[in-house]
Amino acid sequence: MSILKIQAREIFDSRGNPTIEVDLYTKKGLFRAAVPSGASTGIYEALELRDNDKTRFLGKGVSKAVEHVNKTIAPALVNKNVSVVEQEKIDKLMIEMDGSENKSKFGANAILGVSLAVCKAGAAEKDIPLYRHIADLAGNKEVILPVPAFNVINGGSHAGNKLAMQEFMILPIGAECFKEAMRIGAEVYHNLKNVIKEKYGKDATNVGDEGGFAPNILENKEALELLKTAISKAGYADKIVIGMDVAASEFYRDGKYDLDFKSPDDRSRYITPDQLADLYKGFVKNYPVVSIEDPFDQDDWPAWKKFTAESGIQVVGDDLTVTNPKRIAKAVQEKSCNCLLLKVNQIGSVTESLQACKLAQSNGWGVMVSHRSGETEDTFIADLVVGLCTGQIKTGAPCRSERLAKYNQLLRIEEELGSKARFAGRNFRNPRVN
């Protein structure tokens with residue numbers, strides 16, 4: 001069925017910054033999608049078009065991207081009479097119209113908004129749930145509920161504390177189903193709140209952009225200790241593992257790393273990639289850390305390769321790979337990591353996101369679907385992770401509605417699947433499909 005009308009507008013993300021929302025109409029009704037936005041962005045990401053008009057939203061408006069949808073993309077798609085089930089055809093058309101390497105003409109945010117709305121409309125056109133439509137587009141017969149990675153302690157560019165490393169996550173891999181994983185996550189979260197309150201005072205339990213706590217600690221090991229204590233207090237030591245997102249590009253300085261980068265600069269405290277790798281190995285040895293994302297800078301290829309070969313854990317590429325098939329192909333060739341972080345707005349279309357996922361999976365990598373720190377109430381990625389069978393998702397702490405929107409949608413999907421629901425559990429790195 002063809003597209004009758006497309007209307008884009010400026011709305012607000014969870015940080016109070018403008019972002020783009022797209023309404024797409026077919027005879028089946030209205031399909032709405034909103035685009036997220038990141039704080040710690042990789043330099044190789046597709047371009048998020050901002051107005052840079054300092055008199056309006058401090059330069060962060062997206063009225064140009066909105067205009068590109070309303071004045072250029074919308075008329076083209078309506079006139080072309082393409083069917084909303086033809087996801088790849090529509091995405092290709094928009095990418096060709098943009099004509100740039102990184103979607104800088106229209107903005108990845110403009111193209112993605114339309115792409116997401118098309119995908120939702122395509123599912124309705126086929127009278128199937130969105131996750132099933134995504135599974136069809138990806139060629140998957142099965143669907144799998146993911147293990148949630150709850151970001152419960154925030155540091156780095158997501159928090160106003162001294163902590164260098166950006167995210168400390170709990171993964172309830174020992175749960176029997178997604179619903180139980182949510183309960184475990186929530187219970188540990190509340191235990192953690194009490195542990196932090198007792199140790200650092202009530203104001204230390206204020207939450208960061210993704211709903212995690214941001215106590216003013218400097219030592220990354222201290223964050224792991226807090227998690228260990230909360231997990232054991234909740235009684236889930238046998239059911240939970242820990243994941244980290246270091247976001248090391250944020251504190252990479254002239255070939256070295258500054259673990260106190262939020263303090264005045266002092267070169268004498270910089271450490272080498274090898275010293276940083278040793279620190280990680282200590283974490284893995286002393287805590288149940290099974291996954292580390294962005295352990296090194298996005299261009300520090302030798303450090304990535306060495307650590308992935310030596311560590312034996314899941315090493316996740318985010319800034320390194322930016323959901324871009326070309327960067328992923330290079331990382332596969334270099335053996336730089338073994339898991340892709342999939343963020344739809346890094347590449348800017350549903351079709352390319354699916355291609356990135358398939359490329360990673362076909363090379364034996366794991367894939368973790370991810371939100372951004374600036375989120376909306378849109379729940380697309382919940383259906384995406386189920387349809388792509390990646391087995392793992394990170395979309396914040398069990399706190400803040402823009403995070404819970406995704407987790408709650410996953411609860412609904414699990415309920416809808418009933419006895420057919422499969423939960424990735426301990427196989428989260430490679431949930432066997434078919």
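Backbone N, Cα and C atoms are what each Cβ position is placed from, and that goes for glycine too.
Copied from Swiss-Prot, the annotated features are:
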BINDING   S40  Mg(2+) 1 binding site
BINDING   H158, E167, E293, D318, S370, H371, R372, S373, K394  substrate binding site
ACT_SITE  E210  active site, proton donor
BINDING   D245, E293, D318  Mg(2+) 2 binding site
ACT_SITE  K343  active site, proton acceptor
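Locations of recorded Swiss-Prot features on the structure.
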| residue | record | Cβ within 10 Å |
| --- | --- | --- |
| H158 | substrate binding site | 22 |
| E210 | active site, proton donor | 30 |
| D245 | Mg(2+) 2 binding site | 29 |
| E293 | substrate binding site | 28 |
| D318 | Mg(2+) 2 binding site | 28 |
| K343 | active site, proton acceptor | 24 |
| S370 | substrate binding site | 27 |
| R372 | substrate binding site | 27 |
| K394 | substrate binding site | 28 |
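Taking R372 (substrate binding site) as the reference point, the recorded positions whose C-alpha atoms are within 10 Å of its C-alpha, out of E210, D245, D318, K343, are E210, K343. Taking CA atoms as the reference points, D245 (Mg(2+) 2 binding site) and S370 (substrate binding site) are 12 Å apart. Other residues of the chain with a Cβ within 8 Å of the Cβ centroid of D245, E293, D318, the Mg(2+) 2 site, are Q166, E167, M244, V246, A247, I292, D294, V316, G317, D319, L341, S370.
Note: the CA-CA distance between K394 (substrate binding site) and D318 (Mg(2+) 2 binding site) rounds to 12 Å.
According to DSSP, H158 (substrate binding site) sits within a helical segment. In sequence order, D318, S370 are the recorded positions from H158, E210, E293, D318, S370 with a C-alpha within 10 Å of the C-alpha of K343 (active site, proton acceptor). Cα to Cα, H158 (substrate binding site) and D318 (Mg(2+) 2 binding site) are separated by 16 Å.
Cα-Cα distance from the residue listed as 'active site, proton donor' to D318 (Mg(2+) 2 binding site): 17 Å (rounded to the nearest whole number). The separation of E293 (substrate binding site) from D318 (Mg(2+) 2 binding site), Cα to Cα, is 7 Å. A Cβ within 8 Å of the Cβ centre of H158, E167, E293, D318, S370, H371, R372, S373, K394, the residues given for substrate, is found for these other residues of the same chain: G38, N151, Q166, E210, D245, L341, K343. K394 (substrate binding site) falls within a strand segment according to DSSP.
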